[in-house]
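Student: Have a look at this one.
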Amino acid sequence: MEDDDGQDYVDKSRVLNVQPLRCLAPIFPSTPSFPSFPHPQAASPFMCPPPAGHFPPGFASFYPFSGYPDSHNMQTPMPFGFNGSIPAVPINSFRSGANGDAGSSGRSSRNPGPSQYEEEDGYSDWVHVNEGEDSSKAATKKKRIPKRVRAGSGQDINVASSDVDVDAMVDKIVESFNLMDFDAFKRADGDKDSVGYIRMIYDLLRRKLSQIEDSKESTPGVTRRPDLRAGTILMNKGIRTNVKKRIGVVPGVEVGDIFFFRMEMCLVGLHAPIMAGIDYMGLKVSQDEEPVAVSIVSSGGYEDNSEDADVLVYSGQGGNINNKGMEITDQKLERGNLALEKSLHRGNEVRVIRGVKDIANPTGKIYVYDGLYKIQESWVDKGKSGCNVFKYKLVRLSGQPEAYTVWKSVQQWKDGSTGRVGVISHDLTSGAESIPVSLVNDVDDEKGPSNFTYYPGLKYLKPVNSNESSTGCGCHGGCLAGNSSCPCIQRNGGNLPYTTNGVLVSQKPLIHECGSSCLCPPSCKNRVCQSGLKIRLEVFKTKDKGWGLRSWDPIRSGAFICEYAGEVIDITSAEELRCVNDDDYIFDASRTNQSGEGFLNASNETLKIPFPLIINAKHAGNVARFMNHSCSPNVFWQPVLRENSKECDLHIAFYAYRHIPPMTELTYSYGIVPPDRADQRRKKCLCGSAKCLGYFY
C-alpha cells in the first residue's frame, strides 16, 4: 500500500486485533514417565508460559500445567529437589510457537535448517538435549546417551558426555549451599539471597563441567556447552527461583546485575527464553487473552539503535534477518512483535537486558540488566535487506540506578573521547604493571596515599624454611588438563585448578601452580596468577572508608584479580605493629573466613598454608592494599604455592566471588583471628551491607 506521497507503509490497525497464537502443543501424551525423544520436534527447549485455552485433541493436561500450579498462578510452588510421583518435565519436551519463540524467526518447521533457530548471539536454539528422565533416576543407569545441541554453524555441541557421576556432584554442591534453609515459596518468588544462591550453584556446576570436559580430548566438529548442560540439570532438579512470570521488577535481581550466560537469566526469572530476544506472557482481557512483553534482550543481532543510554530503538523478531542462507522476508505482527505492540497500548513496564561485547572473549557477550523501560512508540521501517522490520522505541524509567550508562562512560574513558573526572594519576604503578591503574579522587582534596611505593610482588626479609618445596613438571608446551602424569596436576587432586579461560573452578585448601622449577612456558594454563593484572583497575577515594579499589572492566566469577604484595614479616613483628595501632595494611593468612563465605568450595575444606604468612603493605605494595573489608564481600583470597625446589614460594591471590559489574567496589572479608588472639581489639565496620556485623579485626 502507498500513501499520498507514494511511500510504502504498513497499516498496523488491520492486524492489531489478531489473537495470540496457540500453537504450543505437547509432543507426547501425559504418562508417568518420559522417554527420550530423538525426533527433531522434541528438541526445542521449554522456556515459555503454559498455552492459553484447551489442550489439542488427544492430549491430556500434564505437569507443570496440572498437579502443580502453572507459571501464571502458582500458589504452591514445587520445592527444591522435588522428587514426587510426577517427574519434572524435561525442558526439551515442548515445541514452542506462541509464548517465548523458539528462535528469532519464531518458526516451528518440521525440518529446520541448522541455523533456522539461531539467536541474535549466534547460539542455536535447535537443542537436542536428551533429558527425558529425572536426573536422579538417570544416575542409576550404566550408560548414558550423549546429548547434543545443533549449533548455528552446523557443528554439534556436546552437552552431556561424561564418565563422572554428575548427579552425585550436583547433590554435593547443593548440600554445601544448605538449600534446606530455603522455603518452598522462594522458588516462585525469590529474593536477593535466593537469586545469589542459584547463580553461585549454576556457575560452580558449569565450571566443574568445564573442568571435566577440558580433561578430555576434543572431538572434531563438536562444541562443548557446559553452560547449557548445567542449566538443564538444575532445571530438571527444580533448582531455580522466580519461576512465576511477572511484569516489572524480578525479586532479588538488581538493576546493573551482569550475566555471562543466557541460562543464568532463565534460572533466576529475569528472561525465560534461552535464545529468543522477546519474553512475554498472556493477560486475561474479558473472555480472551492477549500477550504482553515482559522483557527483551538487545545484543546487536538485529538492527537495534542504542546510542542513547536511556533510549533504545528495538527491532522486532522474525523475517529470518539473523539466519544466513535463508530467504529474508517481512516481519509479521505476531508472537513477540504482537506482545510489544500490545504493551505499547497497555503501557506496561518491560525489562531491558543489554548485551555488550566481552573484551576477554571476542566471541562472547555480557548481559547487563538495565532496568525497566516503557514502549513509547512503534513503526515499520525498511531494514538493510529491504524488507519490513518492526521498530519499537523504549524509554528508560527515571529514578533507577545507572547500569548501561556506566558501561558507556567507561568505554569513553578508554577511547579518550571523555576524560575521567577527578584523576590524580593515570598510572599509580608507574609502569610496574602491564595495565595502568588510575588514581581518582572526586570526593575531597587529598592527592593520594602518602609514603607508599608501588611494588607488584613479595619481599621476603628473611628466608623461609618449609618442607613444601618440590620438583616441578616437565611439560615443555604447557600443562594439559588430561595429563594425569603431570606432577603439578597430581598435586591439585588430578585436575587443573583453572578452566581453559583461566577461571578458578572452586576454592581449595591450597592451589599448586607451576613455578620456577617447572619447564612449562609463562603461557601455561597453570600460571594464572603470575602474569600480573589482567583487568583495568582504579584506586579511588571513598566517602567514609579512605581509599578503595574498583574495576573499569566487568569481572567474571572465579576470575583472578590480583595478589597481595608487600613485605613478608613474622608474627612478632606483626604483633608489635598491632600494639601501636599500625596494622591497617597487614594481611594475615592465619585468619579464617567469616561464616557465610566459601560458597565456591563445594567440599567445605579449610584453607591450608605451609607457614603463617603475614604481609605488610604499608610502605610497599600493590592494588590489593586498597581493598576494604566487607561483611558481604565480592572477592575472596586463596593461598597459591608455586613449585620451587629451592624455597617455599607461597602467595595470596584474590578471585571474584561472583560476577562484578564495572565501577563496583572490590571488597573481601578480613577474616576472624585465631582463638589465641580473640582478645584483639575490634575495629568499626563501615561496609554498609545488610549482613554487616558492625566490626572487623
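Quick reminder: no glycine exception, Cβ is built from N, Cα and C everywhere.
Where the annotation comes from TrEMBL, it is an automatic prediction and has not been curated.
Remember, it's a predicted structure, so these values are computed and weren't measured experimentally.
In case it helps, TrEMBL gives these features for our protein:
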COMPBIAS  104-115  compositional bias 'Low complexity'
DOMAIN    248-396  domain 'YDG'
DOMAIN    471-532  domain 'Pre-SET'
DOMAIN    535-671  domain 'SET'
DOMAIN    681-697  domain 'Post-SET'
REGION    93-122  region 'Disordered'
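Quick one: where do these features end up spatially?
Tutor: When the domain 'YDG' (248-396) is classified with DSSP, helix, strand and coil residues number 18 helix, 67 strand, 64 coil.
Break the domain 'Pre-SET' (471-532) down by DSSP state and the numbers are 8 helix, 5 strand, 49 coil.
Averaged over the domain 'Post-SET' (681-697), the predicted model has a pLDDT of 85.
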Student: By a Cβ-Cβ criterion of under 8 Å, what residues six or more beyond either terminus of the domain 'Post-SET' (681-697) are in contact with it?
Tutor: 544-545, 591, 594, 596, 628-632, 667, 669-673
Student: With DSSP as the yardstick, break the domain 'Post-SET' (681-697) down into helix, strand and coil residue counts.
Tutor: 0 helix, 4 strand, 13 coil
Student: Please work out the helix, strand and coil residue numbers for the domain 'SET' (535-671) from the DSSP assignment.
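Tutor: Its residues fall into 13 helix, 50 strand, 74 coil.
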